[in-house]
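Trainee: This is the structure, below, for whatever I ask next.
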Amino acid sequence: MVSFFKTPIFILIIFLYLNEKVICSINENQNENDTISQNVNQHENINQNVNDNDNIEQLKSMIGNDELHKNLTILEKLILESLEKDKLKYPLLKQGTEQLIDISKFNKKNITDADDETYIIPTVQSSFHDIVKYEHLIKEQSIEIYNSDISDKIKKKIFIVRTLKTIKLMLIPLNSYKQNNDLKSALEELNNVFTNKEAQKESSPIGDHGTFFRKLLTHVRTIKENEDIENKGETLILGDNKIDVMNSNDFFFTTNSNVKFMENLDDITNQYGLGLINHLGPHLIALGHFTVLKLALKNYKNYFEAKSIKFFSWQKILEFSMSDRFKVLDMMCNHESVYYSEKKRRKTYLKVDRSSTSMECNILEYLLHYFNKYQLEIIKTTQDTDFDLHGMMEHKYIKDYFFSFMCNDPKECIIYHTNQFKKEANEENTFPEQEEPNREISAYNLYLNYYYFMKRYSSYGVKKTLYVHLLNLTGLLNYDTRSYVTSLYLPGYYNAVEMSFTEEKEFSKLFESLIQCIEKCHSDQARQISKDSNLLNDITKCDLCKGAFLYSNMKFDEVPSMLQKFYLYLTKGLKIQKVSSLIKTLDIYQDYSNYLSHDINWYTFLFLFRLTSFKEISKKNVAEAMYLNIKDEDTFNKTVVTNYWYPSPIKKYYTLYVRKHIPNNLVDELEKLMKSGTLEKMKKSLTFLVHVNSFLQLDFFHQLNEPPLGLPRSYPLSLVLEHKFKEWMDSSPAGFYFSNYQNPYVRKDLHDKVLSQKFEPPKMNQWNKVLKSLIECAYDMYFEQRHVKNLYKYHNIYNINNKLMLMRDSIDLYKTHFDDVLFFADIFNMRKYMTATPVYKKVKDRVYHTLHSITGNSVNFYKYGIIYGFKVNKEILKEVVDELYSIYNFNTDIFTDTSFLQTVYLLFRRIEETYRTQRRDDKISVNNVFFMNVVNNYSKLNKEEREIEIHNSMASRYYAKTMFAAFQMLFSTMLSNNVDNLDKAYGLSENIQVATSTSAFLTFAYVYNGSIMDSVTNSLLPPYAKKPITQLKYGKTFVFSNYFMLASKMYDMLNYKNLSLLCEYQAVASANFYSAKKVGQFIGRKFLPITTYFLVMRISWTHAFTTGQHLICAFDPKGCTADCKNSAPCYKSPESFFFTHALAAEASKYLFFYFFTNLYLDAYKSFPGGFGPAIKEQTQHVQEQTYERKPSVHSFNRNFFMELANGFMYAFCFFAISQMYAYFENINFYITSNFRFLDRYYGVFNKYFINYARIKLKEITSDLLIKYEREAYLSMKKYGYLGEVIAARLSPKDKIMNYVHETNDDVMSNLRRYDMENAFKNKMSTYVDDFAFFDDCGKNEQFLNERCDYCPVIEEVEETQLFTTTGDKNTNKTTEIKKQTSTYIDTEKMNEADSADSDDEKDSDTPDDELMISRFH
């Protein structure tokens, strides 16, 4: 009882004790945490101080940087000097000029001493506002005097004056900080430039802003509701008065010669806070610089007083990598984002709410996005030159690579003096000759770069323009202040705005987005525009939209506005509707050839129009609308041409329909749109090398060729090539990659190397070496014929016949251009080309072809094809396709993608007809059928003329088809917006393995990324290209692999390196899979009636399992009532639908046969060439008394029928025990297999699930036996090797001992010494045992390790004495022995002095008794 009461007290004491310990522990932990937090806070304070100092230092690098100030001053002086010496002496000092500008801040210069005309130039004392007015004067007078002769001079002057204005603006905060040493006052002084105007306008040119926009929206609403107006978009832009096409000069400038109007534009933009954009333009460097300064003033307290947000200068931001630039921007704009290395900025940006983002951050987001694109575009373009860069390289390495290429050394040099810079074609070389580039002067020297820009930039070609911009980019990326200053006058940083027009929308549709933005702003808040907006006030999206509208739509004196001029230029001048069509034809860093360069305000117009014309601009901010707009770039452009999943029969008939209904004059119109030399370039794009008649002699006419002496007649060359592909496919599961097929003996040992996991990817250029040996062998056998030898080798080749000369030329051309030769094929249908063929035979052939195709497909319908070889001249072809692609982009209102392709095809047909001058007109001519249409004196021509004759002969029939195949590959690739992403996808590490896989077509990544096999057959190539790779029995896989190689070359031309490698790796594997798939598909569809019968039976049994009664009484087995539907349920067993034991006995029989067919089919896993050939290797010494089997191809051979039987056994076994699985396979048979898209994905599913189950089943059945056979085979082989080695060691001794002991005394071998030596020496030379050594030998087995290094001679003597030959004078000694002795004589050191006349005796037939080997008793 006492203990009962003590228990709660004891528990209470324990609880209090533990509680105290816990509290103490918590307090200790708290103290520790406080200490840690104090340490952390100390570190944070230190970091904060560093960050604070960093912020201030970053701002000082922009407005307190002495180096920047020095370089800007230097460039300012250079510009002022160049303006004074400029050949264009404008602007002139006219009456009224002094009222426009303060003439005291300008210098006046006379044009000539004899002329009273005076022009003015700015000075160092000229302010920013003075340069603004000076720019207005230059534009006014340039418009008045403009002509094509001075076009480049006007452009250059406008560029440098704009640069001078930018420099004056950049120097304002620099000079202010230098004088006052106050950061904020320097920023405010810059801000006052756009707020404190010298003369405040009393009234706006548009009156009250609110009233103006209300009237505008009412007018827009009226037009949209008016059903009589057809083109509402054009009416919104041009108004009621239709404007005709203006003079071409009117398109060069945004305004006409009216300075007052220019000033009104400046005032409008200042009122809406867009003055900075108006005066600077969309220059990526300058606009970014001032936008960052604007952000610094706006958030000065957070950046530099509260010091809570990180700040970076614009120059520093550009030094970061492309992805880090956005991270830095988010830090400056106080945004929190989650970054994924593999995700695009667009995706991460849109995941975070950016509704409160300031306009400055939006503009910086835009500038960074397109600066990154500008950087990538320049780097991508270098791939067209002799050196390659990639976007992910470190900036230092980009610089080193550039100078290593230009200067042959990573050290800087003056690139304008290097050979790389000078060697661009079609340019006058006026540079001084230097052996070594000058390295004493920096490559970024301000004077040097400005001098060459002013002197020669207008004459630069594409490559030199690229080098100049790339030089500047390397400096920017590596924080070089001189490059930062030099960039201010480079055109590429203005032109980058063109890259933002990517959507395929009409210009009027983009303008409607701007109107929607204004409508949204007007509906949300009806307020008066603040007239004193400045840099400190927020520039809202509404300010941007309304300001952009007024800037682009203001006009005077009924002169068209900027918007109207640009729209007329597109629709009336160029006759296009989409801005993207124009932009795609322009270079991003071009020279002065672009008309926009006449007036930089064109770029300002495009920039403002771009910011306000995104589709979602009315609902989102600028950056969000931009990223939502480019979201379509990730969407696959699915058209009939580009969509590889589009049903091929529909695509084929649609293509033929479009071709048939193309207007006759459309081809003529296309020719007019092309340049004058393009047709000749088209002819030179292809060169035919291997004549079709040459290949036919080894293929179709192979039976006429004489076989080599003692050898059987050779098989057709296409059959041999096809067999090689089939053989590789059969052997690939065991790891016999074809790159080792050069040596047939190595191939037998490759299976052992598979275990070492040394992967050798199947690259086509290695496989081509194997095919080359086969092709050369076939030609060599042809030239070894007796009649060919007599004609070709033993007679003058001048009188040789044309056919033999054509054969020799074809093989010589093939060997010379082996790496570039591609083989195409066409159907060989003689009856189709011969007019003498009766009509009923043609109808019969057509009916047979139809029946053959309907019940399956047209696989193997023809044995032979017309195969020919050619090469592509990639540089010329690329120029042709680029021009045609530009024509298509400019004329999308005339052409669709399909109609343009077919128009080009008809143009190629027209070119093909120009080659038909030497062809007979009658189609019955045998020469026309077999393409022997070379000139009659072909063999008498020289080599160059014969090569031209081969090309003309082949081009007369196959130019159009071959050229169009190459063109469509390039055109459809350029048309698709999916190729960039696809190329990046196959550059990832996980997909590189897919590209090199021998079964890539059964992987999800391969199918998901477009299945390059289906892309080649259904998108990249025209429909007629599928005929030879399906209908030919011999050569279809060979031709398909060449399609892959053509695709590889085309992708390489477009700089898609990963896709190029993918096609090269898959040229054999995917081509084999396609051929095997077609054969299986053909026979599979023949079983439609049988499959349907069993499906109906299965449905009836399913009904019986679920209801107990059969649906169809005919399938009710005997024993049940005749009236099955009215009988009592006797089959009801729902679980039998999933698994049934009733048919287990029958299923086991089929499982048994399935097991043994697997043994035959899977033998390749362990035995190269199969189990049979492996066994035959042990009997190679026995001559095989049988005929040589015909090489196998992808057709209905023994293996195919074994696989068919294997499939039947599998179906009968597993379909019987599981109806659910049977229905699954029925769905595949009836639906999935008939739709290519579903079939490809089912193949992947089948590999990972169904085939996985089959593999596991094989592992416990047939694979066990195959492995046992392999081990037994190797054991027998090793035992055989052991026996051979033992026999090889004993054989020489046994044979000599047998000779000594068994030879009859009466029968003496009358052999001379050298006969004996030669006999035994030859015997010993054939014995090679690799110096194997036997371990653990007993005393009686030691002889196994003895080797005979010399020819043995055995002498048998009596036990008492050994006698020598009577003629041996030097040997008189005797040796006593007790038993038979073996003596080894070194025949090489034998004393030849004893037989001086032996050499003469070798030719004698009489025996030499003195040299006989005799026995003595």
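Glycine too: its Cβ is placed from the backbone N, Cα and C atoms.
As annotated in Swiss-Prot:
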SIGNAL    1-24  signal peptide
DISULFID  Cys333-Cys361  disulfide bond
DISULFID  Cys407-Cys413  disulfide bond
DISULFID  Cys517-Cys545  disulfide bond
DISULFID  Cys521-Cys542  disulfide bond
TRANSMEM  1204-1224  transmembrane segment
REGION    1383-1417  region 'Disordered'
COMPBIAS  1394-1411  compositional bias 'Acidic residues'
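Burial and contacts for the listed features, if you can.
Mentor: Within the same chain, residues at least six positions away from Cys361 (disulfide bond) with a Cβ under 8 Å of its Cβ are Leu295, Leu329, Met332, Cys333, His335, Ala623.
Around the Cβ of Cys407 (disulfide bond), 23 further Cβ atoms fall within 10 Å across all displayed protein chains. DSSP gives Cys407 (disulfide bond) a helix state.
Around Cys545 (disulfide bond), the same-chain residues six or more apart in sequence whose CB sits under 8 Å from its CB are Leu514, Cys517, Ile518, Cys521, Thr612, Ile617, listed in sequence order.
The Cβ of Cys542 (disulfide bond) has 19 neighbouring Cβ atoms from other residues within 10 Å, across all protein chains displayed.
Within its own chain, the transmembrane segment (1204-1224) has Cβ neighbours under 8 Å at 1083, 1094, 1098, 1101-1102, 1105, 1136-1141, 1143-1144, 1146-1148, 1150-1151, 1153-1154, 1157-1158, 1161, 1254, counting only residues six or more beyond its boundaries.
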Trainee: Using a 10 Å radius around its CB, how many other CB atoms surround Cys413 (disulfide bond)?
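Mentor: Result for Cys413 (disulfide bond): 22 neighbouring Cβ atoms inside 10 Å.
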Trainee: Taking DSSP as the reference, which of helix, strand or coil describes Cys521 (disulfide bond)?
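Mentor: Assignment for Cys521 (disulfide bond) reads helix.
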Trainee: Tell me which of the disulfide-bonded residues Cys517, Cys521 sits in the most Cβ-dense spot, judged by other Cβ atoms within 10 Å.
Mentor: Cys517
Trainee: Test of understanding: give the count of other CB atoms lying within 10 angstroms of the CB of Cys333 (disulfide bond).
Mentor: 19
Trainee: How long is the line from the C-alpha of Cys542 (disulfide bond) to the C-alpha of Cys413 (disulfide bond), rounded to the nearest angstrom?
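Mentor: Between the Cα atoms of Cys542 (disulfide bond) and Cys413 (disulfide bond), the distance comes to 50 Å.
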